[in-house]
Amino acid sequence: MHYLNISFSHKNSTLDVREKLSYKDDYATKGCLSKLNSGESINESILISTCNRMEVFCSCSDIASATKHIFEMLAARSGVSIDELEGRADIFDDSSAIHHLFSVASSLDSMVIGETQIAGQLKDAFRFSYDNGFCSQKLARAMHHAFKCAAKVRNATDISSKPVSIASVAVSKLKSVLDNVEGKKALVIGVGEMSEITAKHLLSSGADVYITNRTKHKAEKLASECGAKVLDMQDLHKAVNEFEILFTATSSSEPIITDEIIKPCDFDRYWFDMAVPRDINYHKGDRINLYVVDDLKNIVDQNMSFREDGARKAHGIIGRSTVEFFEWLNTLNIEPMIKEIYEKAFEAARIESQRVIKKGFIPKEYEDQIHKMSQQVLKRFLHQMSSKMRSVSEESKADMLTSAVQFLIEKDQRDIPDKYKCEHALNIIEGR
């Protein structure tokens, strides 16, 4: 079994390419995962699709075959040629795939180092795949340790001491190009985490914030939580020509702001499109200053400089965690564990046989017979247990079983995973 990761991110792919590769809804994601797992060499898969990356993480029996299948599937859907995809993609296998996963979970591979959104996005991607039957034991093991590694990085470094995200960087960019945000009308389109962060940053800067969404009650809920106002989505065509500031981050698969609704204005407009695929599609002009996620690189570079020391320390933690993960995997082999159980049982029988002979309870001439009989008794007793252990070794509950047995036979096994819902993910993201 191998781990494989194929990554398209802000590091190797333009926004245009990432748009074509993106998966914006559950239906499309489920279809992708189903096609991935239909490959003869792929047995589990997770799809991560955000504004800055689209990645396939899978377990497979053959790396070359799985890689070919993934590129063919992505090319057929996106319209991007296989040659271009192969030229852009970062491909990681086995230990490098785990190292990359840990880096992503710890936000070391993010455009904004230390940003807090990627952990939640990764958690959601894993939960969706797991709940729909596209991943199980092998990827759950890796995800469990990825979130455990992210917790170590968060606790041992300062890269997340001042939480940032693409949304907060976008608001910082706005404040750098607009002298004063206070009192200015700002429209936030969408109600996801990025929209919520944007609205809160704008409000804290004194902007007059309105929130709109296709589902009005969701906009009302977010506006109530933030202290913002609500704009009916039906009035979007008017708002784009009235608001000086606009941020959009929806999950729409098509642009929601196009040339047809944009009219000339006598004031400058500052628009931030943080969606992938993009929400705004228009021809330049009309005093509109449009920024997309890839335009925020300068601020991101400053962020990287500020967090450089913490990032170096984090890379060390990730390296050690990768080694520890594979060491842990090696302990999960069921056969050495069964062998050790038998050896401990036979040794206990031998010691006890010698004790009763030494005390004269049994004549010494019967020593061989007693030894053989005790071994036969133990073999009969342990046979059913060892058979059950072998039968569940490939099931999703295997790690719980092996960890518990390791604990009982006095191995150093401090981390006993409770289940494959990956409690580390929930604990880290929800702060429990």
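Placement of Cβ uses the backbone N, Cα and C atoms for every residue, glycine included.
These come from Swiss-Prot:
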ACT_SITE  Cys51  active site, nucleophile
BINDING   Thr50, Cys51, Asn52, Arg53, Ser110, Glu115, Thr116, Gln117, Gln121  substrate binding site
BINDING   Gly190, Val191, Gly192, Glu193, Met194, Ser195  NADP(+) binding site
SITE      His100  site 'Important for activity'
Around the NADP(+) site formed by Gly190, Val191, Gly192, Glu193, Met194, Ser195, which additional residues qualify by having Cβ within 8 Å of the site's Cβ center? Val188, Glu196, Ile197, Thr198, Leu222, Ala249, Thr250
Taking only the CA atoms, the spacing between Thr50 (substrate binding site) and Gly192 (NADP(+) binding site), expressed in whole angstrom, is 12
To the nearest whole angstrom, what is the C-alpha distance linking Thr116 (substrate binding site) and Glu193 (NADP(+) binding site)? 11
What are the other residues, in sequence order, whose C-beta lies within 8 angstroms of the center of the C-beta atoms of Thr50, Cys51, Asn52, Arg53, Ser110, Glu115, Thr116, Gln117, Gln121 at the substrate site? Ser107, Met111, Val112, Ile118, Ser165, Ile166
For Val191 (NADP(+) binding site), what is the tally of other C-beta atoms lying within 10 angstroms of its C-beta? 23
Here the recorded positions are Cys51, Asn52, His100, Ser110, Gln121, and the Cα closest to that of Gly190 (NADP(+) binding site) is found at Cys51
Relative to the Cβ of Gln121 (substrate binding site), which residues of the same chain, six or more apart in sequence, are found under 8 Å away? Ile48, Thr50
Over all pairs in Thr50, Cys51, Asn52, Arg53, Ser110, Glu115, Thr116, Gln117, Gln121, the listed substrate binding residues, work out the largest Cα-Cα distance in Å. 15
Ranked by how many other Cβ atoms lie within 10 Å of their Cβ, the binding-site residues Gly190, Gly192 are led by Gly190
Out of Cys51, Asn52, His100, Ser110, which of these recorded positions is nearest Glu193 (NADP(+) binding site) by C-alpha distance? Cys51
Proximal residue to Val191 (NADP(+) binding site) among recorded positions Cys51, Asn52, His100, Ser110 (C-alpha distance): Cys51
Of the recorded positions listed here (Cys51, Asn52, His100, Ser110), which is spatially closest to Ser195 (NADP(+) binding site) when Cα positions are compared? Cys51
Listed in sequence order, residues with CB under 8 A of Ser110 (substrate binding site) and six or more positions away: Asn52, Val104, Ile118
What is the interatomic distance between the Cα atoms of Met194 (NADP(+) binding site) and Cys51 (active site, nucleophile), given in whole Å? 10
